């Protein structure tokens with residue numbers, strides 16, 4: 001028994017071809033799906049056999065299932081015409097080229113789910129796009145593409161055409177974290193508009209802003225920066241699970257818990273963050289011994305994703321916070337964010353000390369040239385992910 005899955009997208013415009021494909025032996029789930037497709041017809045999604053010409057099906061047999069509801073004869077003509085012929089030719093050529101073993105052609109069946117946009121018109125594009133997509137989907141299925149290593153490499157680099165690139169993890173440090181402590185939403189939005197897009201810039205929704213407008217202020221910020229990574233700085237001291245859930249419900253990507261909170265509160269907050277798919281920060285501002293505090297949290301069975309060594313605005317005459325970053329990373333599997341006293345001229349020193357996340361606030365948000373200030377910091381950091389990679393389908 002053999003069961004394989006493949007997928008491919010080729011082309012552009014309304015004629016773009018997107019093929020989801022199952023190929024397998026007749027005694028596998030592929031065989032059951034093939035039989036069900038032909039036996040259980042659905043209005044607007046009637047499956048049809050792929051034929052090279054009338055009265056000549058392919059080997060292996062292939063059934064085509066329209067993804068988009070067929071509502072008129074124009075759409076039906078495109079499915080029963082160029083799409084059907086393209087899938088059939090792709091299957092036959094896959095056998096001829098050895099993608100599907102010739103000696104096993106009678107053992108396999110193919111189920112191809114085909115997308116034809118209601119506004120598609122150019123039959124030549126429909127044919128060639130669907131031919132290429134079907135053959136590529138078969139090849140990927142037979143090669144078990146992608147392997148797990150490819151998926152893990154690509155998952156944070158991928159740009160989805162309808163969604164964009166959504167950061168859910170801080171996987172490629174260092175990052176510039178811009179702390180937005182301005183308690184005026186109008187001014188905040190003006191600042192955001194001036195900050196260049198980069199997947200190495202993340203935004204901290206500061207406590208004053210969150211207190212004034214509530215957690216869901218993030219939704220307002222997403223109107224300007226929809227794909228950005230937002231850290232909601234609640235400085236949680238109690239009900240850690242509740243506040244972490246509130247952050248997640250507001251589409252925050254991370255929540256900040258105070259290191260001064262009871263250990264039980266921190267643990268509940270971290271676990272709720274894990275449950276809801278967001279990251280957890282523990283802010284060590286005013287914590288006398290951050291390493292000891294982390295040991296206590298670890299002993300309780302958890303660790304945050306990020307530890308923030310935070311020198312408060314009112315304490316900027318104290319020792320730079322990044323001096324402790326290396327020691328923390330030696331003992332704990334966490335990212336370290338540092339805040340306070342960071343300027344473009346000392347960014348490289350801070351990173352060399354072990355910081356993964358550089359937190360700046362007024363140096364950007366109060367700058368006369370916001371974009372210029374950001375670029376000064378970013379000049380000491382990495383370029384965007386795959387900025388110099390030539391992308392085709394992959």
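Numbers here mean position along the shown chain, with the first residue as 1.
Cβ coordinates come from backbone N, Cα and C, glycine included.
What Swiss-Prot records for 18 is active site, proton donor. Spatially close to residue 18 (active site, proton donor) yet at least six residues away along the chain are 7, 8, 9, 67, 114, 115, 133, judged by Cβ distances under 8 angstroms.
According to Swiss-Prot, the substrate binding site annotation covers 20, 49, 67, 69, 84. The Cβ of residue 20 (substrate binding site) lies under 8 Å from the Cβ of 5, 6, 7, 67, 112, 113, 137, each of these being in the same chain and 6 or more residues away along the sequence.
Taken from Swiss-Prot, the feature region 'Formaldehyde-activating enzyme' covers 1-162.
Taken from Swiss-Prot, the feature region '3-hexulose-6-phosphate synthase' covers 163-394.
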Request  = Check the region '3-hexulose-6-phosphate synthase' (163-394) for me and report the mean pLDDT.
outcome  = 93
Listed in sequence order, residues with CB under 8 A of residue 84 (substrate binding site) and six or more positions away = 48, 50, 51, 64
Ask   = Does anything in the same chain, at least 6 positions from residue 49 (substrate binding site), have a Cβ under 8 Å from its Cβ, and if so what?
value = 38, 57, 61, 62, 63, 64
Ask   = residue 69 (substrate binding site) has how many other Cβ neighbours within 10 Å of its own Cβ?
value = 11
Remark   = residue 67 (substrate binding site), Cβ-centred 10 Å count of other Cβ atoms over all protein chains shown, is 13
